[in-house]
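Colleague: Below you will find the structure I want to go over with you.
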Amino acid sequence: MDLQILLLLGQDGITNGAIYALLALALVLVFTVTRVIFIPQGEFVAYGALTLASLQAGKVPGTVWLLLALGCTVAVLDGIRLVREGRFAKLPPLLIFNIGLPLLAAAGLFAMPPTQLPLAAQVVISMLLVVPLGPMIYRVAYQPLAGASVLVLLIVSVAIHVAMIGLGLLFFGAEGSRTPPFTELSFELAGAPLQGQTILVVVASASLIIGLYFFFERTIYGKALRATAMNRTGARLMGIPPVLAGKLCLTLAAAIGAFSGILIAPITTIYYDSGFLIGLKGFVGAIIGGLASYPVAALGAVLVGLLESYSSFYASAFKEVIVFTLIIPVLLWRSLTSKHIEEEEE
Amino acid sequence: MLKKLTLAVLATVSTAALADINVGVSVSATGPAASLGIPEKNTIALLPTTIGGQKVNYIVLDDATDPTAATKNIKKLIGENKVDVMIGSTTTPNSLAMMDVAVDNETPLISMAGSAIVVEPMDAKRQWVFKTAQNDAHMATAIVQHMTDKGVQNVAFIGFADAYGEGWFKEFAKIAEARKLKVVASERYQRNDTSVTGQILKVMAAKPDAILIGGAGTPAALPQKALKEKGYKGLIYQTHGVANNDFLRVGGKDVEGAFLPVGPMVVAAQLPNDNPVKKSALEYVTKYEAAHGKGSVSSFGGHAWDAGVLLQNAIPVALKKAQPGTKEFRKALRDAIESTKNLPAAHGIFNMSANDHQGFDQRARVMVTIENNTWKLIK
């Protein structure tokens, strides 16, 4: 192995690690705020990438129908409650946000073929189609069970994951897609070629992480999420509705997932079921951070990316074995060094 | 009187229903092999519903690329639907899982899987199993032949870390060694991997004249894209598992110039007119594209079509010996399929024998290259 191979592998590992880091952060965020182990995180990656790909292929992505169906379900669920409580004034915004906007999106896609739009506009449309799925899923699946045990919430997550994979196959078909690169630039670094797209992934991930930091430190919503993560009951007493916190953090998780998908779609082929494995590697990173610490989770995810890259060189047949076996020593170390505190039942 | 009449009518109806031929089908229409299973499922819908004057019912179930589900499907189809013959499944592990049930119930099984172990070595169990897809060995020989013609000496392999990749590597390494080709590197990757940089760098470090990518469907485009990106200049070979249009769509200009062996059906229109497979292959292509649009046909659906071709040939023979729904009919059907001779199908000419339950010869494959984003026959 010479220096060039070392550099190329490192570059590859950091690119993948950056994506895993984003997903690890989203997983930690969702877990600390809602105690949900968000297995469908990876599906948002696939949905984001494939929605963009179908827009570029001139097809109406199936995500529109899912958005519409979920929107209607949310509208019915919340509508019944509002009518019962006699809060009619809240009905119009509910209907506009959950049915009106998805309908508008569907109509817009049929009226104007998105193939002619610039790439940036296509990215925005894909994000707008995928991200609202997050809070809607929270409303339909998690909100009625918000007080349930971690295990019940995990089972719900598995159910959503399986449902989303099945729908993904229906929407996008069995074959994968790639999107054209955002940039064709290419550099030379110490004799090793460096693709512009790779730099873009790393820079975009890093700036998103910095953005998240400022969101949590400086904005009232970010602080509300942190408060909920620290102490759910306390935050509630301070007037932070847990429903708002839940919806907000799933919106963030969906946005991070979809954005990661759009970032990696030009580098690799994405399938309807690719998201799970990517999400799982983010999860390994999150586990290294004990599902609590953001910086450790991000570093852990980058470590996973590097480990994956180097093991694919040395022992390609055992790559996944090596990556996922990493969990065992990490768990051992964590259980020996940290004091175990029983989760308080609410 | 009325009661008697009703009974008589009912009796006729039920005997008619008994005389129908029931064909059970289990395909992997979802799961990892979905891109193979979906065209197979579509093709079953195009098969004739009357053979030898008898009505044929096709009962299609999805096994989700899961051997357990495949076993469940065949048990249900044999137990509840009393099928006379089974078609399935898409993948080798699923076909092997179904084999035991088929043998226990003495029901012929026609598999569409690639690996030769479905029908070889011939034993008491495999008596009941037939296979319409070319054996990997057929295809591997064609690749090695092409490599030696091009003067290749060192060759590397990168394939799926599963039964497909392993099976291909074993076949390929065996034949390559016999033809004095040196395999200098062998790497594996997962079909849903997002990067193969590590493997590609290692393969390239071994400086091979040619690289064979042992993958199926769109995931096989990833190593070739990485090879182009890293500036590999040698020959690149793919397997017949990539022969669908999605591979071309995902691979784009990076897969230009790859060589691969395919069933003649894939390039049916380009075959010379004296090719014995041309007519039967075009028949399938025309039918499929009429139903699903131009350019929609893939080689995998052809294997399901060929299962239908075998049945259309064998069922009239078996009908002379026994009634559908009976053990004797299933036995007669098995014997009839085994004695198939010179039967042109979409992928080749079937010549079955007691020892060969696949039945294809070198007419069942051609070498093609990818040119202008389409398959081009190498004459």
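Glycine is treated like the rest: Cβ placed from N, Cα and C.
Values in this document were obtained by computation on a predicted structure and should not be read as measured data.
When I checked TrEMBL for this same protein, it listed these features:
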TRANSMEM  A:20-42  transmembrane segment
TRANSMEM  A:62-83  transmembrane segment
TRANSMEM  A:95-113  transmembrane segment
TRANSMEM  A:119-138  transmembrane segment
TRANSMEM  A:150-174  transmembrane segment
TRANSMEM  A:194-216  transmembrane segment
TRANSMEM  A:248-271  transmembrane segment
TRANSMEM  A:283-306  transmembrane segment
TRANSMEM  A:313-333  transmembrane segment
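Map these features onto the structure and tell me what's around them.
Modeller: When Cβ-Cβ distances below 8 Å are used as the criterion, the transmembrane segment (A:20-42) is approached by residues 137-138, 142, 146, 150, 153-154, 156-158, 160-161, 164, 205, 208-209, 212, 225, 228-229, 245-246, 249-250, 252-253, 256-257, 259-260, 274-286, 289, 291-294, 297-302, 304-305, 343 of the same chain, each at least six residues removed from its ends.
When Cβ-Cβ distances below 8 Å are used as the criterion, the transmembrane segment (A:62-83) is approached by residues 47, 51, 54, 90-91, 94-95, 97-99, 101-103, 105-106, 109, 129-130, 132-133, 136-137, 139-140, 167, 170-172 of the same chain, each at least six residues removed from its ends.
Beyond its flanks by at least six residues, the transmembrane segment (A:150-174) meets 34-40, 42-43, 46-47, 50, 53-54, 61-63, 65-66, 137, 141-142, 271-273, 275-276, 343 of its own chain at Cβ-Cβ distances under 8 Å.
Proximity of distant same-chain residues to the transmembrane segment (A:248-271), defined by a Cβ-Cβ separation under 8 Å and at least 6 residues beyond the stretch ends, is recorded for 15, 19, 22-23, 25-27, 29-30, 33-34, 38, 41-53, 123, 126-127, 130-135, 137-138, 142, 174-182, 195, 197-198, 200-201, 204-205, 208, 212, 221, 224-225, 278-279.
Listed by sequence, the residues of this chain that lie at least six past the ends of the transmembrane segment (A:283-306) yet keep a Cβ under 8 A from its Cβ atoms are 10, 13-21, 23-25, 27-29, 31-32, 37, 41, 209, 323-324, 326-327, 330-331, 334, 338.
Packing against the transmembrane segment (A:313-333) from elsewhere in the chain are residues 1, 5, 9, 280-281, 284, 287-288, 300, 303-304, 307: each is 6 or more residues past its ends and has a CB under 8 Å from a CB in it.
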Colleague: Six or more residues out from either end of the transmembrane segment (A:119-138), which same-chain residues have a Cβ under 8 Å from its Cβ atoms?
Modeller: 34, 40, 44, 47-48, 51-52, 55-56, 61, 63-64, 66-67, 70-71, 73-74, 98, 101-102, 105, 109, 160, 180, 182, 246-248, 250-255, 257-259, 262
Colleague: Is the transmembrane segment (A:194-216) packed against any residues at least 6 beyond its ends, judged by a Cβ distance under 8 Å, and which are they?
Modeller: 11, 14-15, 18-19, 21-22, 25, 181-188, 222-223, 225-226, 252, 256, 259-260, 263-264, 266-267, 298
